[in-house]
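Residues or ranges marked as domain 'EF-hand' in TrEMBL: 52-87, 88-123.
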Amino acid sequence: MGQAATLPCRKGESYVTELYEWCRKFVNECPSGLIALHEFQRHFCDGTVGSDSAEYAEQIFRTLDTNGDGVVDFREYVMAISMLTEGSAVEKLHWSFNLYDKDRDGNITKEEMLEIMQAVYKMSVATALTKPNPLTAAECTNRIFVRLDKDNNAIISLEEFIEGALDDDWIREMLECDPSTVKVERPLRRDTTLGTHG
């Protein structure tokens with residue numbers, strides 16, 4: 001689950017086989033049929049980049065927990081995996097929207113988007129998946145808001161999110177939370193010999 005909107009299918013395997021493998025893994029690791037946040041973070045972080053992915057894992061968990069009861073049950077898990085592996089672009093974008101909409105009010109604020117982008121950024125630093133000279137998390141968030149917030153009300157609605165992502169490949173790539181698209185934000189350092197910023 002390195003990306004919010006897609007999960008890789010192993011080459012040559014059918015959708016049913018892939019879904020079966022995901023389900024089998026869930027049942028093996030969660031025989032009760034339920035997984036709590038701390039367990040999800042442990043499994044997710046062990047499979048990715050350790051504690052640097054904990055914040056991102058928490059957001060994914062919150063999005064998987066569709067009924068908000070604090071656990072992901074087998075049905076919620078299977079439905080998400082099924083949709084992410086075989087769903088339409090609109091379905092995947094709707095799921096990604098829910099990932100960014102932390103307070104579940106039906107809109108994404110700049111702060112909500114920046115928090116997710118920064119969590120992805122932390123993962124990118126830990127995995128060293130950065131590309132030369134891409135945007136920072138803040139720059140990316142600002143650019144997305146300029147392009148998607150059509151009514152300039154400082155929030156992105158579900159409609160703006162989906163329409164904008166479908167119409168713009170760069171935005172769609174950014175909204176999929178691919179850690180390789182965000183660079184390290186470096187603080188301004190002071191040159192002590194000249195008294196200037198370097």
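Residue numbering: from 1, along the chain as shown.
Here the Cβ of each residue, glycine as well, is placed from N, Cα and C on the backbone.
Here the structure is a predicted model, which means the values were calculated and not measured.
Assigned with DSSP, the residues of the domain 'EF-hand' (88-123) fall into helix, strand and coil as follows: 26 helix, 3 strand, 7 coil.
Within the model, the domain 'EF-hand' (88-123) shows a mean pLDDT value of 89, rounded to a whole number.
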